[in-house]
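Chemist: Provided herewith is a single structure, encoded as structure tokens, for subsequent inquiry.
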Amino acid sequence: MEVQSSDNNGDGGGHSSFSSLRVYLNSLSETPSRLSRRVISVSTSSDEMSRVRAASDEQMRRTLRWYDLIGLGIGGMVGAGVFVTTGRASRIYAGPSIVVSYAIAGLCALLSAFCYTEFAVHLPVAGGAFSYVRVTFGEFPAFFTGANLILDYVFSNAAVSRSFTAYLGSAFGISTSKWRFFVTGLPKGFNEIDPVAVVVVIAITVIICCGTRESSKVNMIMTAFHIAFVLFVIVMGFLKGDSKNLSVPANPEHPSGFFPFGAAGVFNGAAMVYLSYIGYDAVSTMAEEVENPVKDIPVGVSGSVAIVTVLYCLMAVSMSMLLPYDLIDPEAPFSAAFKGSNGWEWVTKVVGIGASFGILTSLLVAMLGQARYMCVIGRSRVVPFCFSKIHPKTSTPVNASIFLGIFTAILALFTDLNVLLNLVSIGTLFVFYMVANALIFRRYVPLQPTKPWTTLSFLALFSITSLVFTLIWKLVPEGKPKAFMLGAIAVVAIAMVLIFHCMVPQAWKPELWGVPFMPWTPCVSIFLNIFLLGSLDAPSYARFGVFSCLIVLVYLLYGVHASSDAEANGSFGVREDRQVLKELTEVV
């Protein structure tokens with residue numbers, strides 16, 4: 001059965017639930033039956049690689065190699081956030097041991113990257129986490145995951161583009177107020193207009209529409225400049241810094257030593273700085289445009305995380321040597337460290353320029369990723385099918401790129417940075433959590449599952465155990481009872497994984513590239529993501545709740561009916577053949 005893509009609505013010219021108001025209202029009455037059929041309808045790997053991809057008519061060109069992926073990964077991660085989170089985590093939580101916090105956060109990111117890599121190698125499509133969840137847990141869990149991630153991308157991109165104005169102003173000694181203007185009558189937090197941020201978003205939207213290869217070249221140039229600035233800051237820190245600051249605070253009354261706040265401070269610091277690693281997941285959305293997925297994706301994704309971890313640890317040591325931890329400015333640690341120093345204030349401007357390049361590279365990679373998520377969600381018909389279209393000349397999802405670019409620009413124009421930042425992070429960590437669960441499900445549940453409840457029960461119990469550990473860590477006062485409870489929960493969690501590993505055989509083992517030490521690696525990733533979710537504030541969870549309700553509403557009012565129409569019209573369906581190796585062999 002071929003994909004019928006001649007009709008722009010993706011309905012193959014057949015029945016549509018949206019042809020008239022009367023037909024739509026009648027379709028709404030059928031919502032319960034459609035939900036029962038579509039909510040957990042699982043796509044297949046071969047469908048994603050053939051029928052779903054063919055829905056876009058044109059194909060994305062495979063032009064990227066491993067070095068492009070490393071460049072995109074570094075560009076996506078090393079943004080302006082590291083210049084802020086490092087100071088906050090050191091001053092509030094970890095002190096000089098912030099370097100250990102970065103190492104722990106890097107390990108957590110690498111474990112999640114492994115999970116992404118296995119999926120991307122065996123399912124090299126542009127859908128990223130959306131496609132991975134769709135082939136394991138079904139349509140609605142995939143839509144819920146993908147929609148949350150797109151919202152996080154849009155909000156964080158708007159926030160990052162507004163911060164570009166501030167860093168560019170500091171680099172040239174121009175006050176941010178001269179780049180922005182206020183509009184009376186608008187509510188606070190939405191009345192500060194930032195035209196520079198809009199120009200930046202529009203410019204990057206144009207770049208990503210021109211072609212992925214061209215975008216990669218631009219990213220490589222900007223990333224090279226940014227890394228040069230990062231290395232400059234590291235070297236200046238080691239030259240001007242004093243190793244005594246790694247153990248001696250400025251105020252003798254404050255805790256001293258390399259671990260002034262103990263193990264709790266190190267892990268709390270890791271939870272804060274982990275957000276500096278967010279961005280590597282966008283690389284997995286490039287899988288459909290990689291020349292050799294089997295070889296290039298593992299090197300590109302894991303290599304970028306490893307390189308960024310080393311850079312972050314060096315930056316943390318450099319900052320800790322510049323000043324005692326209790327004198328570090330939590331908002332601008334590197335810039336503030338050089339202010340007031342005779343002959344060194346020029347370094348502050350260099351930091352501003354370097355951060356500006358970091359903003360542009362992270363924004364470029366994130367906007368590449370969000371457009372590809374929207375493209376593949378459009379292929380599944382749960383959002384308008386027009387977003388799935390690939391431009392025949394540029395081989396890029398132009399419609400999705402333009403739509404999300406306009407959406408991002410509007411938010412960046414009006415919305416204050418603090419408002420946007422309260423809407424970011426939790427969705428991304430939730431997606432990482434879902435991908436790790438999906439990997440275990442894929443490995444241990446047969447292709448035609450008849451009794452998946454053993455694996456599902458294990459995943460649910462392990463998540464609950466991880467949540468209990470996190471709550472005890474956060475809420476129970478320090479002392480022996482807390483240490484005993486944490487130890488007991490840890491033993492229970494390890495025992496659960498060991499029993500599952502011994503009692504449940506793997507139903508499928510990857511032939512190309514697989515995550516090592518199954519199921520331990522994804523289980524550790526699940527635990528760490530739940531632990532880090534526990535560090536987020538109440539506004540983050542309020543955002544998650546509000547937008548989750550909106551996502552469910554969109555699916556009920558549009559998504560389930562559009563995908564039911566596509567199923568009825570033969571635009572896609574479930575096939576028995578789930579082998580992707582043939583196409584991968586052709587790609588290699």
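Cβ from N, Cα, C; glycine included.
From TrEMBL, here are the annotated features:
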TRANSMEM  66-86  transmembrane segment
TRANSMEM  98-119  transmembrane segment
TRANSMEM  131-151  transmembrane segment
TRANSMEM  163-181  transmembrane segment
TRANSMEM  193-211  transmembrane segment
TRANSMEM  259-280  transmembrane segment
TRANSMEM  301-323  transmembrane segment
TRANSMEM  396-414  transmembrane segment
TRANSMEM  420-441  transmembrane segment
TRANSMEM  453-476  transmembrane segment
TRANSMEM  512-534  transmembrane segment
DOMAIN    513-563  domain 'Cationic amino acid transporter C-terminal'
TRANSMEM  540-558  transmembrane segment
Chemist: Considering only Cβ pairs within less than 8 angstroms, which of the stretches 131-151, 193-211, 512-534 has the most against the transmembrane segment (540-558)?
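Modeler: The listed stretch sharing the most Cβ pairs with the transmembrane segment (540-558) is 131-151.
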Chemist: Counting Cβ pairs under 8 Å to the transmembrane segment (512-534), which of 66-86, 301-323, 453-476 comes out on top?
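Modeler: Looking at each of 66-86, 301-323, 453-476 in turn, the most contacts to the transmembrane segment (512-534) are made by 453-476.
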Chemist: Any residues 6+ beyond the ends of the transmembrane segment (98-119) with a Cβ under 8 Å from its own?
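Modeler: Distal contacts: 86, 89-90, 128-129, 131-132, 259, 266-267, 269-274, 276-277, 280-281, 284, 297-298, 301-302, 305-306, 308-309, 312-313, 316-317, 319-320, 325, 432, 435-436, 438-439, 442, 510, 513-516, 521-522, 524-525, 528-529, 532.
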Chemist: Looking only at the domain 'Cationic amino acid transporter C-terminal' (513-563), how are its residues distributed among DSSP helix, strand and coil?
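Modeler: Final tally across the stretch: 40 helix, 0 strand, 11 coil.
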Chemist: For the domain 'Cationic amino acid transporter C-terminal' (513-563), what's the mean pLDDT in this predicted model?
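Modeler: On average, pLDDT over the domain 'Cationic amino acid transporter C-terminal' (513-563) sits at 87.
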Chemist: Cβ under 8 Å, sequence separation of at least 6 from the ends of the transmembrane segment (193-211): give me the contacting residues as numbers and ranges.
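Modeler: Residues 157-158, 161-162, 164-165, 168, 179-183, 218, 360, 363-364, 367-368, 371, 391, 394-396, 398, 401-402, 405-406, 408-409, 412-414 contact the transmembrane segment (193-211) from elsewhere in the chain.
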Chemist: For the transmembrane segment (259-280), I need the partner stretch with the highest count of C-beta pairs below 8 angstroms, choosing only from 66-86, 131-151, 301-323.
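Modeler: Between the candidates 66-86, 131-151, 301-323, the best contact partner of the transmembrane segment (259-280) is 66-86.
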Chemist: Report, as numbers and ranges, which residues of the same chain sit near the transmembrane segment (131-151): CB under 8 Å and 6 or more residues beyond its ends.
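Modeler: Distant contacts of the transmembrane segment (131-151): 38-45, 48, 116, 119, 123, 125, 281, 370, 373-374, 376-377, 380, 382, 404, 423, 427-428, 430-431, 434-435, 437-439, 441-442, 445, 544, 547-548, 551-552, 554-555, 559-560, 563.
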Chemist: Any residues 6+ beyond the ends of the transmembrane segment (66-86) with a Cβ under 8 Å from its own?
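Modeler: Distant contacts of the transmembrane segment (66-86): 98, 160, 163-164, 167, 216, 219-220, 222-223, 226-227, 230, 272-273, 275-280, 282-283, 286, 290, 295-297, 299-301, 303-305, 307-308, 311-312, 315-316, 319, 330-335, 351, 355-356, 358-359, 361-366, 368-369.
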